[in-house]
Structure formats: C-alpha cells, structure tokens
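Asker: Dumping what TrEMBL says about this protein:
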- 679-703: region 'Disordered' (REGION)
- 20-37: transmembrane segment (TRANSMEM)
- 43-64: transmembrane segment (TRANSMEM)
- 76-95: transmembrane segment (TRANSMEM)
- 110-131: transmembrane segment (TRANSMEM)
- 152-172: transmembrane segment (TRANSMEM)
- 192-211: transmembrane segment (TRANSMEM)
- 271-289: transmembrane segment (TRANSMEM)
- 318-339: transmembrane segment (TRANSMEM)
- 351-371: transmembrane segment (TRANSMEM)
- 612-634: transmembrane segment (TRANSMEM)
- 646-669: transmembrane segment (TRANSMEM)
C-alpha cells in the first residue's frame with residue numbers, strides 16, 4: 001500500500017489506541033487517588049510515581065522476553081492481554097456502587113477498591129512497559145533492507161500516533177472524569193474515565209491480532225543486554241580472582257574479560273559504559289519532569305480554570321504535548337541555526353546541560369505560582385483557638401464588644417467582618433449595641449472551630465443566632481459550598497437549581513450544600529406565604545464558600561446579599577503556562593538531544609542497551625520523587641509546597657553543574673570507525689588464516 005507493507009498500518013493504529021489508553025488513564029490517576037481513595041497529597045504522589053517507575057523498569061524485562069524467548073509478536077500479544085485486564089480491573093475498582101451498600105455516596109469497603117486499583121496498576125505497568133521496546137522494533141522488522149526511506153516514514157508516523165493518542169486522551173478523559181455518574185448516588189465518573197482507556201486497549205489488541213498473518217516475524221536471536229551484562233560480570237569476577245600483585249595490570253578493567261569474550265564485544269561494551277556513566281546524573285531531570293502529572297496537577301486544583309470554557313486541572317497537562325509540537329521545529333530550524341551562526345560550539349552534552357537548567361527554572365516558576373496560591377488559602381484556628389465573624393443583617397450600624405474587654409468591632413448594615421481569632425478559654429460573651437438597644441450573648445465555643453454570629457436590629461430587641469460553620473478546609477476539586485440564611489420575619493422555603501435547602505425560620509441558616517458546577521448560574525427560588533420570588537445566582541468561581549442572605553422580594557425578584565465565607569481561587573491556571581513552557585523547552589533540548597547523543601555514541605548492535613539505560617534513568621527519577629514524597633512531613637502545611645519546588649530546583653541545579661563538569665571530560669567517538677577498524681582487522685585475520693590453510697594444503701600435496 002503506497003510502497004509500505006500493509007501490516008504497518010495495523011501497528012500504527014495499535015500504537016495510537018495503546019497510547020490513548022495509557023495517557024488517558026494516567027492523566028486522571030493522581031486525582032483518583034486524592035478524591036476517590038481519599039489519600040493525602042504525599043501518599044498519592046508517592047504511589048503515582050511508584051507506578052510510573054514500574055512502567056519504565058518493565059521495558060527491560062519485555063526486551064529480554066522478546067529477544068531471548070517468545071519473540072516480539074507473541075510478547076506484544078500476551079502482555080497486551082495482561083495490559084487490557086489491568087485497565088478493566090482498575091475501572092471496576094473505581095465503581096463507587098460496588099461496595100456502597102448503605103447508599104451514602106462513599107464506599108463501605110475502601111480496602112477492596114484499593115486492592116483492585118493496585119492490582120490493575122501493576123498489570124498495566126507490566127503490560128505497557130513490557131511492550132514498549134517491542135512495538136516500534138517489530139514495526140521496523142516489517143521492512144526489507146532496500147526500504148530505508150519507507151522505514152523512516154513509518155517511524156515518523158509511529159511517533160505521530162503516540163503524540164496524537166496522548167494529546168486526544170488528555171483532552172477527553174479529564175472531561176469524562178468531571179461528569180457525574182452512578183446507580184444510587186452521583187459521583188465523579190472515574191469508571192468511565194478508566195473504562196474508555198480499557199476499551200481502547202482492547203481495540204488495540206484486536207487490531208494487532210487481526211494483522212497477524214501479514215506480519216514478518218523474526219525469530220528470537222538472543223538479547224545483547226544479557227551479553228553485555230555477562231561480559232561485565234565476568235570481567236569483575238576475573239579481576240577479583242586475580243587481584244594479587246603477581247598478576248600484571250591491564251589497561252582497562254574490562255580487559256579482564258578477554259579470556260572469554262572477543263575484543264570487539266569488549267571495545268563496544270567500553271563505549272556503552274562511557275555513555276552510561278554520563279547517565280548517572282540524568283534521573284534528577286526526570287524527577288522534576290514527571291511531576292507534571294502529580295504535583296503540578298494537584299497545584300492546578302487550587303487555581304481558577306475559567307478560560308471562557310471550563311478547563312479541568314488534569315487537562316493542563318495538555319500544554320506539554322502542544323508545546324512539543326510547536327517547539328521541536330522552532331528549536332531545530334531557528335534556535336540551533338542561529339547558535340551555529342554565532343560560531344558557538346553547542347555540543348549535544350551542552351544542550352542537555354541547558355535542558356537541565358531550564359527544567360530547574362520551571363520549578364522556580366512553579367514555586368512563585370505556589371506562593372501566590374498560598375496567599376488565597378484561609379487560615380483556620382489552631383488548637384486552643386476559636387474563630388468568629390459577625391454578620392449585621394439589620395438596617396442600623398452596630399458595635400460588638402467581645403467580653404471580657406477583648407476587642408470592640410463596628411459592623412455596618414448588611415456587612416460582615418472577616419474571621420477573628422481568639423483563645424477559646426478567654427472568650428465568654430459578646431455585647432451588641434445597635435440603635436440604642438443592647439444585648440449580651442453568652443458564648444459556648446469549641447476549640448479549633450469557626451462560628452458566625454448573625455444579628456439584626458428589631459423594633460424592641462436585637463435578634464441573634466450563633467452558627468457553627470462546620471468547615472475545616474477549603475473545598476476540594478474547585479467545588480463550592482453554599483448555604484442560605486433567612487433575613488425575612490417569616491419562614492421561607494429555599495431551593496437552588498435541583499437542590500432543596502428546606503424551610504428556614506427567621507434568622508436560621510441551612511446546612512452547606514456542595515455545588516460541583518463552577519461555571520453555572522442557578523435559579524434561586526424562595527417560597528413565602530404570599531408569593532414565590534426567583535433570581536439567578538452569581539457565578540461562584542472555584543473553591544469558594546458563601547452564606548447567602550434572603551433579604552427582600554421586589555416584583556417577584558429576589559434580593560440577596562452574598563457573604564464570602566471562603567474566597568474562591570483567584571490565581572488563574574494560565575499562570576502555569578510559563579512553567580510548562582520552560583519545562584517543555586528543557587525537554588526538547590534534553591530528551592531529544594540525549595537520545596540522539598546516545599545513538600551516535602553507541603555501536604550499531606548496542607542501541608538497545610542504551611535505550612534500556614535511558615528508560616532506567618526515568619524510573620530512577622520517579623523513585624527520587626517517591627522518596628521525597630515519602631519522607632516529606634508537609635501533610636496539610638500547604639505553604640511548604642513552594643519550598644519543595646525550590647528544593648527540587650536547587651537539586652537539579654547542583655546536578656546540572658556536576659553533569660557539565662562530567663561532560664567536559666568526555667571524548668566523542670565514532671563507533672562506525674571503531675567497528676570498521678575491527679572489521680578490517682578481522683578481514684586481515686581471516687585472510688591470514690586462509691593463507692595459512694593454503695600453505696598447509698600445498699605442503700600436504702607435496703608430501
């Protein structure tokens with residue numbers, strides 16, 4: 001088909017579906033841990049990065065199985081089955097109604113959901129990692145030696161399918177997650193967000209199997225990683241056995257393998273180990289890079305996602321692939337040529353150093369954004385403290401004295417104060433003065449709680465109501481908390497949209513109700529003895545809490561006063577774009593260049609060893625995040641998150657300097673020249689052996 005083997009189209013479609021499945025599931029994973037399994041941020045981050053680390057450790061296992069035992073085709077099929085089962089198990093584990101027997105909206109057996117989720121993720125890690133090194137290589141096997149141009153085009157299409165799958169899934173699955181579904185109670189629809197990737201993985205498997213009879217299947221020929229490992233192991237063992245001074249030293253410690261392995265393999269292994277030595281600092285880059293899906297997504301949950309359309313926190317990850325598509329050609333065809341014109345020797349290792357620096361600066365930018373977010377968080381009372389605020393619902397100004405002689409506050413009509421903090425044991429009562437009337441209200445307060453004192457001047461008295469606010473944290477997922485207080489002299493029945501707040505007596509308050517839809521206005525309806533009045537609500541924003549006072553009704557239009565209990569998120573998600581831009585620029589000059597450098601410095605038959613080493617650096621980077629998150633004592637101290645970003649930035653900056661020093665001592669080699677040299681030597685040896693054989697044959701004939 002157009003000069004291509006028909007089989008490669010099945011492989012490209014398979015890769016698109018598999019990448020959609022993986023990135024779609026991964027996009028919503030951190031929020032699933034936090035909001036469905038109710039894990040705190042550090043535990044959610046630790047488990048997330050454990051999963052990613054496993055996904056980058058298992059490719060080594062997959063490559064060994066494919067090259068030494070099953071072959072690429074069978075490895076892809078068997079591990080894809082494991083992969084599909086894992087996606088299905090994860091989707092089932094996210095079904096809230098599975099154990100919600102009392103139908104209260106929360107799972108009754110959280111341990112079962114955790115067990116199913118972990119089993120699913122382990123199977124997914126084994127599947128996605130195991131097939132990672134096989135699919136692209138299997139596609140390359142479909143071409144003949146004279147189809148080099150078509151093979152290059154295939155790899156371009158293959159890479160395009162990866163990016164298309166990840167881009168599309170990062171848009172779709174967060175929207176699926178944000179919808180509500182359920183049999184008994186409506187919850188965030190994680191089963192659908194995980195179920196669609198599971199279906200796509202099943203489609204990937206079916207498509208791949210359909211093309212079975214068209215594939216060119218190369219038999220397993222042994223894995224070069226095992227050969228290199230055995231060579232290194234034998235050299236170390238032989239050197240240890242001959243550590244006595246009576247044995248002469250050798251030029252390189254790998255030369256101790258010469259008794260068992262040929263010179264070419266030893267020379268190639270030396271070249272590979274030189275590159276692998278430079279890989280030692282690289283995991284720190286990946287430790288920062290892969291936090292896009294964990295810490296940065298959690299950061300976005302505390303931000304304003306109104307871009308004209310509602311953007312979910314996990315959809316901000318889409319900025320990276322979009323910027324990749326833009327920045328790769330810009331860097332390759334504009335930035336690098338300009339640097340070359342300036343006669344700057346911008347070597348691959350220097351590019352990688354710059355990439356590390358840019359990633360470090362990305363986390364400095366993330367820290368600056370976090371500082372601004374921290375300013376919007378409410379401060380709740382500590383142990384031994386109580387917070388109280390005042391709402392004057394009357395038409396006359398008032399003065400409130402906190403007894404005994406603690407503080408005096410003036411409150412204007414239809415206004416509220418902010419929350420004031422007192423030592424619980426010292427605050428006994430409040431004395432209210434308004435329009436020549438006085439009232440003393442005794443207080444019985446609990447430590448660590450917030451209260452609202454609502455009052456209004458009446459004809460002969462001051463009416464008041466001390467309300468326990470029962471909110472100990474800012475609403476999560478950008479949801480809002482809404483309650484109503486009745487400022488009418490008679491009972492009012494209040495509804496907002498499809499939510500019923502009940503009948504409120506004068507100066508009484510409803511319980512908070514959760515409003516999940518941030519970009520909607522709701523119809524508020526108040527039914528009174530003589531009329532029913534309505535009005536559209538304001539847009540509540542993200543992560544706010546409001547007390548809404550029902551004040552009056554004019555021509556059937558309800559008059560309301562909004563009192564802000566907790567301020568909405570005011571830092572916009574767009575402020576994350578600079579940190580994504582810096583990190584993506586770092587990725588372009590680090591990751592792309594790193595792979596190019598590795599391939600240029602590796603012998604032709606050792607590319608897979610360096611690919612395994614590269615994937616291993618990603619795994620180790622995620623393990624670093626796992627260790628930091630596990631050791632972190634931040635918990636609810638959100639103000640310390642900025643310090644953690646600075647810590648990662650500083651660590652990468654130090655590693656960047658170390659890598660630059662290591663790179664300055666590296667000598668670039670041309671593996672093709674070395675291989676040609678060995679090939680020439682082998683030809684000479686073969687010719688010499690042939691000459692010797694001819695001489696022996698001639699001597700035998702004379703005899």
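Each Cβ is built from the backbone N, Cα and C atoms, and glycine gets one as well.
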Asker: Between the transmembrane segment (43-64) and the stretches 20-37, 110-131, 152-172, 271-289, 351-371, work out which stretch tops the count of Cβ pairs under 8 Å.
Answerer: 110-131
Asker: Should anything in the same chain at least six residues away from the transmembrane segment (110-131) have a Cβ under 8 Å from its Cβ atoms, list it; otherwise answer none.
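Answerer: Sequence-distant neighbours of the transmembrane segment (110-131): 18, 22, 25, 32, 36-38, 51, 54-59, 61-62, 65, 75-76, 79-80, 82-94, 98-99.
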Asker: Would you kindly check 20-37, 192-211, 612-634 and say which stretch has the most C-beta pairs under 8 angstroms to the transmembrane segment (76-95)?
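Answerer: By the under-8 Å Cβ criterion, the transmembrane segment (76-95) pairs most with 192-211.
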Asker: To the transmembrane segment (612-634), which of 192-211, 271-289, 318-339, 351-371 is linked by the most Cβ pairs under 8 Å?
Answerer: 271-289
Asker: Mind checking which residues of the chain, 6+ beyond the ends of the transmembrane segment (271-289), have their Cβ under 8 Å from one of its Cβ atoms?
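Answerer: Distant contacts of the transmembrane segment (271-289): 228, 232, 254, 349, 355-356, 359-360, 362-363, 583, 586-587, 590, 594, 597-598, 601-603, 606, 609-610, 613-614, 616-618, 620-625, 628, 648-649, 651-652, 655, 658-659, 662-663, 666, 669, 671, 674.
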